[in-house]
Structure formats: structure tokens, C-alpha cells
Protein chains: 4
Amino acid sequence: MSDVKRVVLAYSGGLDTSVILKWLATEYQCEVVTFTADLGQGEELEPARAKAELMGVRPEYIFIDDLREEFVRDYVMPMMRSNALYEGLYLLGTSIARPLIAKRQIEIARQVGADAVSHGATGKGNDQVRFELGYYALAPDIRVIAPWREWDLTSRTRLIEYAEQHQIPVPKDKRGESPFSTDANLLHTSSEGKVLEDPWDEVPDYVYSRTDDPVTAPDVPEEITIDFERGDAVAVNGEGLSPATLLAKLNELGKRHGIGRLDLVENRFVGMKSRGMYETPGGTIYHLAHRGIEQITLDRGAMHLKDELAPRYAELIYNGLWFSPEREMLQAAIDHSQHKVSGTVRLKLFKGSVFVTGRRSPYSLYSEKVVTFEDDAGAYDQRDAAGFIKLNALRLRLLGRRDGL
Amino acid sequence: MSDVKRVVLAYSGGLDTSVILKWLATEYQCEVVTFTADLGQGEELEPARAKAELMGVRPEYIFIDDLREEFVRDYVMPMMRSNALYEGLYLLGTSIARPLIAKRQIEIARQVGADAVSHGATGKGNDQVRFELGYYALAPDIRVIAPWREWDLTSRTRLIEYAEQHQIPVPKDKRGESPFSTDANLLHTSSEGKVLEDPWDEVPDYVYSRTDDPVTAPDVPEEITIDFERGDAVAVNGEGLSPATLLAKLNELGKRHGIGRLDLVENRFVGMKSRGMYETPGGTIYHLAHRGIEQITLDRGAMHLKDELAPRYAELIYNGLWFSPEREMLQAAIDHSQHKVSGTVRLKLFKGSVFVTGRRSPYSLYSEKVVTFEDDAGAYDQRDAAGFIKLNALRLRLLGRRDGL
Amino acid sequence: MSDVKRVVLAYSGGLDTSVILKWLATEYQCEVVTFTADLGQGEELEPARAKAELMGVRPEYIFIDDLREEFVRDYVMPMMRSNALYEGLYLLGTSIARPLIAKRQIEIARQVGADAVSHGATGKGNDQVRFELGYYALAPDIRVIAPWREWDLTSRTRLIEYAEQHQIPVPKDKRGESPFSTDANLLHTSSEGKVLEDPWDEVPDYVYSRTDDPVTAPDVPEEITIDFERGDAVAVNGEGLSPATLLAKLNELGKRHGIGRLDLVENRFVGMKSRGMYETPGGTIYHLAHRGIEQITLDRGAMHLKDELAPRYAELIYNGLWFSPEREMLQAAIDHSQHKVSGTVRLKLFKGSVFVTGRRSPYSLYSEKVVTFEDDAGAYDQRDAAGFIKLNALRLRLLGRRDGL
Amino acid sequence: MSDVKRVVLAYSGGLDTSVILKWLATEYQCEVVTFTADLGQGEELEPARAKAELMGVRPEYIFIDDLREEFVRDYVMPMMRSNALYEGLYLLGTSIARPLIAKRQIEIARQVGADAVSHGATGKGNDQVRFELGYYALAPDIRVIAPWREWDLTSRTRLIEYAEQHQIPVPKDKRGESPFSTDANLLHTSSEGKVLEDPWDEVPDYVYSRTDDPVTAPDVPEEITIDFERGDAVAVNGEGLSPATLLAKLNELGKRHGIGRLDLVENRFVGMKSRGMYETPGGTIYHLAHRGIEQITLDRGAMHLKDELAPRYAELIYNGLWFSPEREMLQAAIDHSQHKVSGTVRLKLFKGSVFVTGRRSPYSLYSEKVVTFEDDAGAYDQRDAAGFIKLNALRLRLLGRRDGL
């Protein structure tokens, strides 16, 4: 395995990826380049730099990037245009972050002349697939190292032993078994494992970190507005915001009102079912608001086609196929529908719920004149409906006659 | 038009269908048979009998049927198996009731030797389509009379004049303009028109009739369980219930907790957008519980196929195509997936929200042994993931090489 | 009906549209503008001008346009990118011409200040729908006049009487009943009606006009090549050709070898089944050649998505929804896939058959190195397949265990 | 690896599986059970028995089954109901045979108490996946041995050396390299590899084995009829035939007329493109005849839904997912549509082409009375078309108005 010279590691600064850092350097006798991304996970990143330095990474090989705006603008928002929900419910908060990390790792690998990339995802999960499909799509001949599938540090005890043997600091709270594991970014926090493994057991209160308890949330609904332009949110309560600050603002609102909690048993791409708990406060508001503005600005044909394509699109993102021709084709179709998805949605947030209460748009297709119960001054001729029904019924009548009805 | 001898009218006993009754008898010089169905709309039906008699309908031609069990068992529950949501949000409460009414009208027409059927739906809505596609599918050569598309009683004033001229009692509250119109059955109540016609205006409080205000709903979550067998709910809190009583029980629970309110702008089959407010208290709980039990009992392949078919299935029901070969084909596919969708879901109801908090089943496909973060004793070989990823990546790598990445 | 001032008629110069011309002028007391398009139907157009003049149309209101290049470039080729086949077999030759005619009529209407458009399609067919959906999509408030749905000239005898009364020349061969009716353009000729109405009766030889009989076609296969660039054919046998001349060249080749005959019973949008005979000589070759070049240049994900979308796309075109958001969305997805669909396909034409015998491309994704039965020098690790299969099987194994297999 | 006690090998009697037989016995020190299936590949099977005996397999552990009827009845015909074509062209002849072999192997394994199964498919192809997904779906805990992925006999030279060392007879024609490899059954013969590996090179004449050259095929078309009942063919030229004899009869007819040759570059499930040549003489006729009878007996809604589902269905079979919930769901939908797909189709076979020339059915939905150009006596009211078009256009007009057209 001595053929690897330089490897770019997706490095969080935590215990696991620190052990990986050391293990890569030792096992592969190669130079390790660390890449730490700020995707809005809410942790300080500078400690990661210090740790990497401490473990011998050359300063010029420590990459720490704030990717929050790119994340929301180029990944979250395009996905939100599709209204994608994996298995009907999940807003894909983890899945959508992986392609960006993979892309940036490959860019860094090219920049520093690395011949390999590595990540800290385990061999049972979806994230290994998402990282690696991203790597291979963007750099077909890159070498991928997945330590969790290779090494023999298969228990936490052995991992900690390894850390101690190699002078890797072990935080006190990592000594014992963590009761669950989490992943976080600007869109969501996911929790899974251990105390969540029995899908009949209720998720314990202490697992929630991104949302306040709906029970103790404010007793009075809060009304907000979101403005959309060409399918993307651009303002909250009238205040124009950049993509990341907008999502952060919605997260703050959603947190306060206990919005976006989801207890889910889902089907992993690798073939097993897993139980997760997701908190997507701002994303949940965003999703419903986007549906709201589409209701008045999207034509029926466009909306129904989108609705039929959305499950497939969601599956592709979940499975790590962001960088695939078929995801791009679907994106092209979806984006084509969004040119006039502009306007304002008003919502009420209250103890875990989001209610769309109004929507308006300069591009509204809703016509009070046509729909009204009142006299419509000839905008719609009710007699047309007779012919419409007759011809839609024709095939059913021929069928009924044949079948002797 | 004197060629119609006997017509079966879907008769609610209200002012509009009473005017239609008289108008049919007058205009077509034909015998009118009334059919009034109890679909759980929550109104007394015997007054409809008295009114019909008063207006000269022969007693043996007055049909009043309690269809609540058939409605929930043969229409609502099969639809719920699909997880259908029209335009991503709407549980299809009105749409799903129409085919049953049409079917029963045709049965009665055959029984009494009627040559025509009639309904009170207007010429702008979806219901005329749903009724008539049902009629024609089941009786291809039936004559259909849609008074709202034929007569000249195009304003409420003229309708009331006509009623007075013909000794039809006009309830006091019908003299003025109703601020909105409603439809109700065991699954939902819909409201639309007038005060709801501006989609930016919030739905006034007085429009809600089936759900308590989430703000004033109980401050403490209520935990319930629902048992499923082969895809259908069979018990609430351990108590076995018939389809209609089960849905009524969920309605009661949903009402108390303010669950199932939806403010929607939707696309009608007849080509216009309309704004409606729906209250589906029990159905909302049912829908989420069904998703919950499927999470552990449905295979991924089955679930994803269902998710891709559901928008089409929903569209068919919305458009009135319940009695169509393609709806039946989709139903066959969906029903095939439900054989092992049995078990129990636990939920919390709280101020407008439904949270699934646990699910268990003797047919669970969830395997703690496989998914666990702990040692899985060889249930899953993490090295398999490497090959899995490599082959899934192969086409992307060939693509990347070609495209010079 | 005197409110129409000026109407643009899609005018072929034949008997039927000449009668319509006169009827419009008489019934609506309006000025008639004629529009005659050369879509490659193989008829002289100047006689249409003479006839129109004869019937009193002002010279500046006679429009005769050669639309052949636009037709193939902007309609036929985009459609061919999708591999669309209506009901599995039909290359949509009539359907794809209608939107262009509608578009040009509307342009002329704007140019001459007309307030109405008219066409000669009957009330039972698809073409009325295709024309009128095109008109309304491009000019929402245009007045549409469909004489066949309005007038009382419901038999050929009465039509001819009307012609004679109004000094419209009746060609001798139009006096008797034509044994079938046809439509032609550069892509195909369709025949239907009369002698074709019994779907059990074989299509008589005299109905074929665009293709030689396969039985008498050359006894020796002819080999040709077609070059593609970005999804569209650009050369035949190495000779670069414009869209229309390329299709004409393929038509000539296809005709000679008896290619592209199709006897079909199809489902019309208006709800009935009809039997047609289509001859699409060049289009059939084009379709198979396009499939051939895609085989080596399209990724699997892109190809399978295209294959799933194609039936819907075909249905939209058949139903006249070319100018609809959903057709445009699908086109955006399809076009996105064609960037590298370039290269050369070699085919053999022989007595009704087209055989793709070779394909090559600078963008080929086919890798002999990977696929070879010989030693592949490590391009593919067969052991990866084990993991790939194991994880794809995992869900099936969990299912099998649950179901007691 | 000594933990395997008894293995059921899919044994053809050829050199490769004979080497596997010996290798399994040697490497795994286990008892080998051979299973040889007659799927209509056109080879004597008794020599396989003699060879197996010669190599030491106990007579009671030699299974030779004639599965032809089961193959056509339970696999080919259900697939044909779907009109499935993989990547638009391929009739799935190899794919559809694998599940049956896998199923029978598992049955035998249960019968003889075997703990493992084995096959002779290589590590690059689809067949390994199809066999193994079948095994795992039907026997989740079975041990699967894929020698081609395990052993070091990676060249033909080494394979032959191994054979000679172990007294396995090597047929003379196997000493040199075969210029291509084949698979055959009652539905088709496939050829791939070596001389076919350059997709630009024409398939050499000597590769074809199941079809006569269209050029030398009879100069006169042959007319045949096929009768269908409930979606399946039951008679040829009026003669009732069992499933396998019917397909054999169509093969004979197709062979004579050079029908069913396909040169294809396809996408394998394992991620690479491969080039194959398929001969499906009878299947090609069957496929088109089935389309023909559906044209008059299937409602449009059913047909279009089938057409949209078919690419997915084809993909599932190609990928080896016959025994999966989603294939079964799609089958349920497809089968539901076939109840009235009965009647007769007339076809002409001529030099590589199949022409449907007529179809009739007691369940025909084709109505001459409705479709006729002649007076239809009121079967269809052309004025209905106006309303039909107006309401279908409504959304497009609202869109056009909004977009300022």
C-alpha cells in the first residue's frame, strides 16, 4: 500500500478523523492533507487546524473553508426547487452536503497534487457511497481510502487505545460510549444509533439539539413572510438575505417554534433499514413555503410532472448520485419550471407546525375572475364542461359497453 | 327534452338540490327519484325524506342509504394504502366520495328503471367530472343531466325566486349570500369560494368546522396507537373498530388536537386554479400512521415504486377516474405490496401536529443486528461496500474519463 | 358572429379548405387571410395562390411559406432526440407538424391584425386539438373557428353542392368518394378512413405512396452512414446536409428499400380508437440510427431516464401539447443528455428493414479494455462484483428471512 | 473454506462447468450435485449426465430437468405481457431464463440438503448478478460460490491445463480460442465477446445461428395468424399449442424469414457497456403480435400506463430482480390489464420484417361506428370537441396571458 503519496482527508478535528489522520500517515506512509469544511455545523473550526498541526500536518496542507454560502446556494436551494422528500418525509439534510465536500476534496487534491482521498464514514452507511461516488465522478482515477472498511479498530475501545498509543488527545466525553451519533450542517442535524436503534422506543428528549420542544415553544403563533425569486427564497420578513443567512434565519425561527422534528425508519442504499431522528427547522419552513409559492405560479402540467419526478430525484440525491447525468437532467427539467416562481408566502409558525396562510405573486396564474362563484362575465363557459366530460368519458363508455355494463 | 322518463337525483335535501328536483320534474316532465347518502357528513338525513315527499316524490322512490362503512372500507382505505397526496398535500377527501355516490346512483337507476341521473355540481368544478365519469363508466348509455350547466338560474337571487315560485322552503340562513361553500364527509370538510377567493387573505376562523384551533387545543400531547393489518387500520388504542367507526374515532382525536387543517391553492381538472381550505383530522393521522407502519414492513423496492406511482394515482382520483383501468392497475400494484403491512404505530397528537414516535411489527424488516453500530457478529460484511461502490461508480468513472475530468 | 373581422386560415388549396375559405367569408362576413405552408408534403404551392386569388383573397393576404428547414430543425429533430414512439410504434409524423403551422398562423394573425384563426380539421380527430391548443397557448385570446364543428356541410355531397353554388372548382377525382384520406409532410404520410376502417382488413397496396413495396425493393442491402452531432443527424454517407435536405435524403433511401410502413390502431386524444397507416421512410432510419449512436455515447443513467420519460413525451406531442410547460421541461432534460451524442452510425437498408451494423464516436463510453473477455490489465476487479451483489441482495435476503423462505 | 458440504452446480456439461465441477470438489472438499436444465437451448442433455457420472457425481445427485414449458409459461409469457424492451430494443432473452434456473437450483438444494449453490457466470457480466439475486431472494442464507470470481484460472490456457491435469475431456474445438461466446434458450441466442468487441465492426455472418440470412430468406411473404387469450398467445395459424411448442413454432417461422436479429451496445448492471448480437426469431414475432392485439383490446389509460411502466419493468428483469417485490407489483398491474386481451392477429413475415396486417377480437374497443368519416348516426357529437379543447386549453391560456403572449 506504499503507492499512495499524498492523501486529502475530510477532517472534522474530532477523535475519529484524528485517528484516521494518524493511521493514514502510518499505514500508507504518506503525507496527509486535511480539509475541514464549515457547512454550518455550528462548531469552531480553528481547533481543527491546531490539532492537525499538532499531528504533524504541514500548515500549507491544512485547508479550512467556509462553504456555507456555496452549500445553500448550489446544493440546498436547487434541491428545494424539486420539493424532494426521501420516502415521503425526509428533507435529505445529510445527503445534500456530501457532494460538496467530495467536490472540494477533489479540487484540493488537484491543487496539492494528491493521489488519494479519504473520509471517516463507516462501511454500513450511505455516506461512504455518497463521498466515493462523488470522488469517482469528478476524478475517475483517484485512489479512495476508507479506513473504516480497512482497519481493525472495530470497537471504540480499540480506537481509543490507538489514540492513546499515538498521542492523540481523547476528549473526556469520548471515553465512554456516546449514546447516539450525529451529523450536522446548516440544513439539519441527524441522530442515529445506540439509544435510537429500537424503532418502537421513543426518541429521548436529550437527543434533540436543533429544535426546542414544541410543548414549551411559544404559546402564540408567529407570522412570517418569505419572498421567492425564480424558485429560490431571497428574503424573510421583507429583509433580503444571502442564501446561507436566509437559511440560518429560518433555522432560528424554526428552532424557537419546535419545527422540523422527524423520527424516521428509512431504507439505506446499502440495503438495510435504519432509524434516524432528523431536525430540519429552517428547511421544513422553506419546503412548505416553496410549495406555497408554486401553488399560484406553476402551471398544472409543470407541477404534476415535477411531483412525478420528485421521488426519483430524491432517491438519486439520497444514493449519492448528485454528480450523475440523470440528476442533472432532472435538474434541467425542474429549473426550467422555476422562471416565474416568484412572489411572497405568508406562514404561521406554532409549536411544531407550519401553516401557509397566504401567497401572492406578480406572476400568479390564479384567476379570481375565472374561478369565482359569482358572475364571471364570460371568462369561463360552463357549457364547455359538457364536451370536456363527454370526450374524457368516451373511452370509458366504449369500455363499459364492451364489458357489458 | 321530453325523452327522459325517470331520473335519479343525488339529493342532499338542501335548497339547491331541492330546486333541481323541482326543475327536473318541470323541465323534463319526468319522474324524479331521490338518492341521499350518509357518508358521514354529520347531517340528519330524515329531513331529506320529508322534503322529497313534500315535493311530490313517491315514497318508494326516495332512497336514503348509510354508506359510511362502504365508503371507508372500499374507497378511503384503498386510497390510504397508496399514501396519495394531490399536489403534495391534499388528502383527496371530496374526490374519493364521488365515485361511491355515482355507483349507488347507477345501481338505483337500474333498480327503478330510470333512464337518467342528475347531480347538483356546478359547471366550474371537479365534481361534475367525477360524478359523470363515474356514471358513464358504469352505465355507458345513461343520460346525464347537469342542471347547473343547463338552466338560467345563474345567480342566487334567481334561484331563490325560483324556489319561492315553486313553494320550496327557503331556510332563513340561505337568503343572504353564504360567505363560503362546503362539502363534508367522514374523511373531511372542504370550504371554498367567496371569502376564500383571494389566496393572500388568511382563512377566517369561522370557516373551520371540523377541527379545534391548535392554539386553544390541549397543552399536553396525547399518545395513541393504531394497529394495521395488511395495509389497513383496524384498531385505535388497542380497540378493534370497523372502518367507519375507526375513522370517526380518529376524527374525534384529530379535532381535539387541531389536526389536519390545510390551506391550498390547487389545480382543477377543468383547467383553473382554485383556493380551498380542507380539514381532514382523522385522515391526516391515518396517513402518517400508515407511512409509519410501512417504514418497517415494506421493502425499499416496493416503497420507492409506490412513491413514484402515488402522484399519478392521486391525480387519477382527483380527476374522477376511480372507475378506470389505469386506477385499477395501480391499485393492483399497491395492494400487492400491503400483504405484510401489519403492526402497531404509536403517535403523539399535539396542537396541530402528529408525531410518529414508534412502530413495531411481527413482519418488521428492520434488523437491529444488521444496522447496529456495535459488533454485528458478521451479519454485514463492511468490505462488501467497497465492491458495491466500485461497480456503482464504474459508469460515472467511464463518463468522467471521457469528459476529461 | 359578425364580430370577426379578419381570419387567418390554414389553407391547402384543396377542395375542403377552399370551401372553408368561402364559407368563412360568407358566414362571418370577414376578410380571409390564407396561409399555405410547405412542410415537404410534395405538392406545388403556387396553385394555392392562384386559387386564393380567384376566390377573392387580397394578394398581400396570401401567405405561402417554405417551412421545411424550420420544421425539421426545430420540431422533428428535437423530438427525435427523445426516441419518442407513440404507443410503442408511431413516429408522430402528423402530430409534430401541427404546432409549427399553429405558430406561423398566429404570427401572421399578429402581422395582419387578424382577430381569428381557422383550420380544416374535423371534429373527430386529433388535429383540431393540436391546432387549437397551439393557437391558445400562443395567443390566449384569439378567436378560433373550426368550420367542421359548426357548419351543416356534413356529407361530401353537400360539400360539393356548396362548392358548385359558390363557383369553387371541384377537381374530377374529388367528385366521387375518396377511398381514404391522407396527410403528408417531410416526415411522413398518413392514411386513414374508409377502406382502412376495418382493422382486420389488410391495407390495400394502392394506399402506399411514400414507400416502395418491400417485396419489389432491391435484392441487395444498401449500406449507409449517418453522422450525428450533439444529438442531431448532420450528414449522410459523409455528406453534410441541412436538416430538411438530410431528412429528404433519408426519405429517398427509405422509399427505395420499402422502409417505414406501419399499420396501427391507435388511441386518439378525443377518446376513440382509429386505424391508420403510416409511412415514415427517412424517420424510421433516423430513429434507429439515433438509438445506435446513443448506445455508445449515453450513460446508462441518462438512457434509462430518457426511456422512462419518452412515453410521456410522445403522449404530449400526440395530444397537441408541444407548447406546454411540461413538454418544455422534458425537452430540457432530454437536450441536456445530448451534448456528447456525436459520432457515426452505419446501417443496412433492405426490403423494409433497417439494421444498425456499427457505431463509433470520439465520445464513446464503450470501453473494450473494461469489457473484454481477455485479460483487462486490472481495468475491472471481478471481486468487486461480490460486494456489489451482496449489498444489492441484502434487502431481498432480509425480506426472504421475514417471509420464512 | 471447508465449511461447504454439498453444493448444487448449474451444470451445462461443457468444458467450463466441468472444470468448475472438479474445482469445487477439490477446493471445497465437498460433494457436488449437478443440475442441467433444458430451456430449449437445442443441445442434448444426456451427455451432461454421462460426463457428470464420469467425474464422480453420484447418479442420484445428477438432476436433468426439462423446464421448457415452465420457462415459457411462467417467465417468457408474463414478460411479453409487458411489451418490455431493454433500452428500447432488447427482448431480454438471457435475463428471463436466469431466475428459473436459480429457483430450480434452490429447490434441489433443499431437496438434497445442500448448503451451497454455484454457477459458471463470470465476474464481469450480468448473469452472476441474476443468478445470485435469485438465490438470495429465495434462500437468504444460502452459500454462493462463484468460481470465476475466486479462482486463478483466469486465461483459457490455464483452464485447459487444469482440465488436462484433472482428466476432464477437452473437445477439440475448445482448444483454440472461440471467436465469440453464446447463450441460448427457447427465446433467443445471444453472442458476445472477441470478434464482436469492436462496436463499429459488423457482426460476421458466421455468428448467426438461429436465423437465416434475410437476403437469402424466401422471396415471398408468409402470412400467419396468432390467437391470444387473456394476454398470452395460444395458437398459431389456428392450431392450439402449449406455451413451449408455440414459441418453438414461432422460432421456426422466424428463422426461415430471417427475423429477430439485433446488434446492440447495451449497459450492463455492473456498470460497463457491452456489445452483443441477439437472435430472437419467435419472440420478435410474438412481441409485435401482442402489441397488435392490445391495440384493439386495451383501453388508452391502461396502454399508456403500461408503456410508462415497461422500461422500469425491463430494467428490473435485466438487473436480475425478477424475485423482487417491485417486479411483482408491476406484474400485478400488467396482469390486471390483460383480462380481455384476446383475439387474433394476422402478420406477414418477410426477409427480416414482421408486419401486423390485421387484428380482430370479440373484446374489441375499436368502434367503426364512432370513428367513421361517414355519418355516425349520433355516436359522437363533434360539438363536444369544442368544450374538450376549450377546457384543455384553459391552463395554457392563463399561462399565455400571464407571460404576456
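Cβ coordinates come from backbone N, Cα and C, glycine included.
No curator has checked TrEMBL annotations; they are predicted automatically.
Feature annotation from TrEMBL assigns domain 'Arginosuccinate synthase-like N-terminal' to C:6-169. Summarising the annotation, TrEMBL assigns ATP binding site to C:ALA10, C:TYR11, C:SER12, C:GLY13, C:GLY14, C:LEU15, C:ASP16, C:THR17, C:SER18, C:ALA37, C:GLY120. What TrEMBL lists as L-citrulline binding site is C:TYR90, C:SER95, C:ASN126, C:ARG130, C:SER181, C:SER190, C:GLU266, C:TYR278. Residues or ranges marked as L-aspartate binding site by TrEMBL: C:THR122, C:ASN126, C:ASP127. What TrEMBL records for C:180-397 is domain 'Arginosuccinate synthase C-terminal'.
Compared over the binding-site residues C:TYR90, C:TYR278, the count of CB atoms lying within 10 A of a residue's CB peaks at C:TYR278. Cα distances from C:ARG130 (L-citrulline binding site) to the binding-site residues C:ALA10, C:ASP16, C:SER18 are smallest for C:ALA10. When the binding-site residues C:GLY14, C:GLY120 are compared by the number of other C-beta atoms lying within 10 angstroms of their own C-beta, C:GLY14 comes out lowest. Checking the binding-site residues C:THR122, C:ASN126, C:SER190, C:GLU266, C:TYR278 against chain D with a Cβ-Cβ cut-off under 8 Å leaves C:THR122, C:GLU266. Taking the C-alpha positions, the distance from C:TYR278 (L-citrulline binding site) to C:ASP16 (ATP binding site) comes to 22 Å. Distances between the Cα of C:THR122 (L-aspartate binding site) and those of the binding-site residues C:ASP16, C:SER95, C:SER190 are shortest for C:ASP16. Looking only at Cα atoms, C:SER18 (ATP binding site) sits nearest to C:ASP127 among the binding-site residues C:SER95, C:ASN126, C:ASP127, C:GLU266. Ranked by how many other Cβ atoms sit within 10 Å of their Cβ, the binding-site residues C:SER12, C:SER18, C:SER95, C:SER181 place C:SER181 at the bottom. According to DSSP, C:GLU266 (L-citrulline binding site) is assigned to a strand segment. Of all Cβ atoms in the shown protein chains, 19 besides its own fall within 10 Å of the Cβ of C:ASP16 (ATP binding site).
Within 10 Å of C:ASP127 (L-aspartate binding site), judged by CA to CA distance, lie the following binding-site residues from the set C:TYR90, C:SER95, C:GLY120: C:SER95, C:GLY120.
Other than the site residues C:THR122, C:ASN126, C:ASP127, same-chain residues with C-beta atoms no more than 8 angstroms from the centre of those residues' C-beta atoms, the L-aspartate site, are C:ALA121, C:LYS124, C:GLY125, C:GLN128, C:VAL129, C:ARG130. Among the binding-site residues listed (C:TYR90, C:SER95, C:SER181, C:SER190, C:GLU266), C:SER95 has its Cα nearest to the Cα of C:ALA10 (ATP binding site). The average pLDDT computed over the domain 'Arginosuccinate synthase C-terminal' (C:180-397) stands at 96. Around the Cβ of C:ALA10 (ATP binding site), the number of neighbouring Cβ atoms within 10 Å comes to 23.
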